[in-house]
Amino acid sequence: MKQLLCYLPWLLLLSLVVSPFNEARFVVEKNSLSVTSPESIKGTHDSAIGNFGIPQYGGSMAGTVVYPKENQKSCKEFSDFSISFKSQPGALPTFLLVDRGDCFFALKVWNAQKAGASAVLVADNVDEPLITMDTPEEDVSSAKYIENITIPSALVTKGFGEKLKKAISGGDMVNLNLDWREAVPHPDDRVEYELWTNSNDECGVKCDMLMEFVKDFKGAAQILEKGGFTQFRPHYITWYCPHAFTLSRQCKSQCINKGRYCAPDPEQDFSSGYDGKDVVVENLRQLCVYKVANETGKPWVWWDYVTDFQIRCPMKEKKYNKDCAESVIKSLGIDSRKIDKCMGDPDADLDNPVLKEEQDAQVGKGTRGDVTILPTLVVNNRQYRGKLEKSAVLKALCSGFEESTEPAICLSTDMETNECLDNNGGCWQDKSANITACKDTFRGKVCVCPIVDGVRFKGDGYSHCEPSGPGRCTINNGGCWHEERDGHAFSACVDKDSVKCECPPGFKGDGVKKCEDINECKEKKACQCPECSCKNTWGSYECSCSGDLLYMRDHDTCISKTGSQVKSAWAAVWLIMLSLGLAAAGAYLVYKYRLRQYMDSEIRAIMAQYMPLDSQPEVPNHTNDERA
């Protein structure tokens, strides 16, 4: 009976899983595999990326395929057969081809890695579409080696596997390239990714691995998010309880909102410990922490809350509860009232909009398949395959940036090899000015003419780059001739669009490699008057005049210093005197005219008092008339 009770949670979980996914669509994430030799099987094929190890996202790997004569399923250690696959110095890495069957995929890869293989190809033993090689579920013994697998692996179809075996058995050297450069879309300068996680810390090996990853990846995630390089969103898988079982003990203990949102019992024991509904409530709380933090422009606070909750509120210490969660929320300065409002009432017979959105998001759209594996990482709408480990996941994120837009964290020596350090990546460079067209990227390098101090270089980036536009002469003299002597510097750079390099006055040449001084004296270009004495200088000339003469450079002639000074002085004196005379004459004429006018008017006024003037009419004398 006790054994039956142990299986009940799993039977219920199966019913919960199947119900919402009766039309589930699991997408196998693939990478490209190209056979370069022999000619008979040359071509490109698809392979399914294994969900363990470290795929080289954003990169590629070339190697030679080997098919072992013994232990062909790689279920035993190759050391038992005295077989090693370590590459000899100067040789290509070894890609081990093994057969599917008899043991876990991960064990096959682990045994191959210990024998020195650089990658593993697993040939399917069934004619079927490609599937994803996953890790064993809740297997403690396998967990010990799974976390140590560092080489990539891929599943190939049965038909292609047979072709590889035939070529190898025929004595051909089979070389191929594994290419992960297009495994993740890289459309722009921002990567969108999501992590499907769980707050349950008692679900075994995978939960421990997930908790460790969140703790290790927190720093890198927050750097990327704060810099605007990524847009992260957490998700939590939930299922619903079939309507016929909503009143059962199992549904009541594992679900909230009347069976709408459920999670498995952490201890797989309904009579003790925490219930599945406790996990659902905490999952909901963590979703609301992200939502509230995102509304305040600080979505990265989710990482702080989740890691602090793991440390302060573990199930094994009986602290996995609301009180402990609220203490973490308070310590991070998050508004607990907004969290409560977001969570709603878990006992209400209503849809919870936050959890309903999570259930809808589990169903794949476009190129992204349904989320059925926990944990699942989705990068630019493609599910990540491989080890959930900081450097491996960071490589996947970095491969999602458009080339040359990656943040600095993606270009560290731990993440990629700087190809510009080897022969400048084959790009153009100006060693004297320390300028290069090689730009290191996560995928490799690009040759692009640079912008230096605001000056744009133009060219193909490989063999030619030259400064252009305003200010180009400040960069290595625009690639033109330049020389300095005795404190005098000359440059042939001209800030014009039509002319790039032109020797300055006093020089002749192509302006690029050479400008020679013109001997104005010898070539009789200046200082040629009879009284002139010419002396050539670098970039110019000196001209002196005999006697007391002065050289006029603009007119290339000599004039007398003294004569010119005396003439100038007398001219000035006569000019002043003439000006004064004219001023005096003008003043006299004005004065004479005004005075005469004034005197005439005064005399006429006096005379008008005693006698009539010709210009005035006769005035009658009334006094005399009265006397008569």
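Glycine residues also receive a Cβ, built from the backbone N, Cα and C atoms like all the rest.
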Cross-link partner of Cys501 (disulfide, per Swiss-Prot) out of Cys480, Cys503, Cys515, Cys521: Cys480
Candidate cysteine (Cys410, Cys420, Cys447) that Swiss-Prot pairs with Cys427 in a disulfide: Cys447
Motif 'Tyrosine-based internalization motif' according to Swiss-Prot, located in which of 238-241, 302-305, 610-613: 610-613
Of the residues Asn434, Asn621, the one that Swiss-Prot lists under N-linked glycosylation site: Asn434
According to Swiss-Prot, the disulfide-paired cysteine of Cys449 among Cys465, Cys473: Cys465
Cross-link partner of Cys493 (disulfide, per Swiss-Prot) out of Cys473, Cys503: Cys473
Residue distribution over DSSP helix, strand and coil in the domain 'EGF-like 1' (416-466): 7 helix, 19 strand, 25 coil
